[in-house]
Amino acid sequence: MELSDSVTQRKPAVPQGDMRDRVLNTTPDMDMEVEVDQVNDAEDNGHPRVQPGIRGELGNISLLLFLYVLQGIPLGLAGSIPLILQSKNVSYKDQAFFSFVFWPFSLKLLWAPLVDALYLTRFGRRKSWLVPTQYLLGLFMLYLSVTVDTLLKRDEGRGPDVVTLTAVFFMLAFLAATQDIAVDGWALTMLSRENVGYASTCNSVGQTAGYFLGNVLFLALESADFCNKYLRAEPKETGIVTLSEFLFFWGVVFLVSTTLVAVMKKENARGQHGKRKVREETQSVVETYKLLVSIIKMPAVFTFCSLLLTAKIGFSAADTVTGLKLVEAGVPKEQLALLAVPMVPLQILLPLIISKYTAGPRPLDVFYRAFPFRLLIGLEYALLVWWTPSLKQDGEFPLYYYAIVLFSYALHQVALYSMYVACMAFHAKVSDPVIGGTYMTLLNTVTNLGGNWPSTLALWMVDPLTSKECQGAAGQSCGSSEEAGLCVKEGGVCVTSLDGYYVESVVCVLIGLTWWVWLGKRMRRLQDQSPAAWRCRIGQ
């Protein structure tokens, strides 16, 4: 039940952060920048160069920050839709289908080489992709602003149009992932070598801020109860903003800002502080894909990737379904979203603290030790869901309940970040420095996929594992939606006799313990491999 991640259906980069992996920024980009600086040093004829500092590039840093904020908006909106759907009592199979929306950020490595290599030289290598993707994002948002109310409406016994919602939001996520590739690449050349380190800060802060605006802020302002309680003197039936209004506003912002960037920002202009225009090298698309295949075929990497793809099965029910179950139990979705706010300082401090223990030669030891602790938290989440309905009084929950939820979430964050930071540290340790960008991106992509497919499967299996019986109507059952409808027509009511979530929670923990006992030790032994086992033999 990750309130900023799984309860709102996975922010792509939490710690994602999480898992906000760096896109395929090929090594030639970095080499190019160093080589040009060396040429400029030579042209200075021995005179000391003036270091530009951050003040000279505040405009570029502000632009990067804004572009990452824009990127986070559609991701935050996509994360809010499952909570809205849950309040409309859609099935968990529908939730599983919608969860494919969160896959593009984990799969962007598949088309990143194309974005890196194909472009219009006169318009700019990064703007060739950034401008059209952001225009399309704006247009999709404007389209949704007109149709989203109809897509979410329940009428004549029919629920929300989950298929169309999934298709449109999948395109939004795909475009946002493509924009991320372009902006990550542009950051390397937009900023000087002295300030390029600020690019990762812009990514983390901007994407998190955009997600917050599109998810937490939107859910709060869209809730009539929240607005009437905290923001209004006179109560009204709707929130301050609606989903269609929010989409329309940001659609216009995307179109206007993209036009300004296209017209006013010259990507291929003369470099900062008098530097000559940089000629960027491009790695062949075919060669990039061959490189990825050669990395995966290495025995050590193949074993590690296989372990990464299965390691998170034990957490899937707790991380993905718990938040939706709390909403189903009556916990307001905006309150769950707001509980993520006090966690921000903890999420900032945890990586700094944990990195002290993962900086040594065996970072995966921390991953191994945190694993069973996180499994136990999954069982605690199931107990919390079971306990929740009994605390509801007059449609509200006591303050101490939210304190318990917040404490549970904090414990979960400690375990999650311990595993995440340890995994990232090991990625950095074993990645071949000759092809570090591609190597790291591949490992991060596999890590994210290892979380996506169990989450989708966990949502999909809730309904089949749930047992319901018809009470009040003899001879009727509730095995399907049609049978449930007949039960209601006959004057009965469908009552859950066994919730599939609890079955999943136990099964996932058992699978997780099995993985920890048998495969966890194998993952630890990978740290004993020699550095040569992780080096890619290009051309062999």
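All positions are counted from 1 along the displayed chain.
Any Cβ shown, glycine's included, is placed from N, Cα and C.
Among the ranges 434-453, 454-473, the one that TrEMBL lists as transmembrane segment is 434-453. Of the listed segments 1-25, 26-50, TrEMBL assigns region 'Disordered' to 1-25. Long-range neighbours of the transmembrane segment (246-264) within the same chain, counting only residues 6 or more positions beyond its ends whose Cβ lies under 8 Å from a Cβ of the stretch, are 63, 66-67, 70, 73, 77, 127, 130-131, 134-135, 137-142, 144-145, 148, 214, 218, 221-222. Outside the transmembrane segment (501-519), and at least 6 residues removed from its termini, the chain residues within Cβ reach (under 8 Å) are 307, 310-311, 313-318, 321-322, 325, 368, 371-372, 375, 378-379, 381-382, 385-386, 458, 461-462, 465-466. Cβ atoms under 8 Å from those of the transmembrane segment (399-422) belong to residues 1-3, 15, 17-19, 326, 335-336, 339, 342-343, 346-347, 350-351, 354-355, 358, 363-367, 369-371, 373-374, 377, 380-381, 384, 388, 391 of the same chain, restricted to positions at least 6 beyond its ends.
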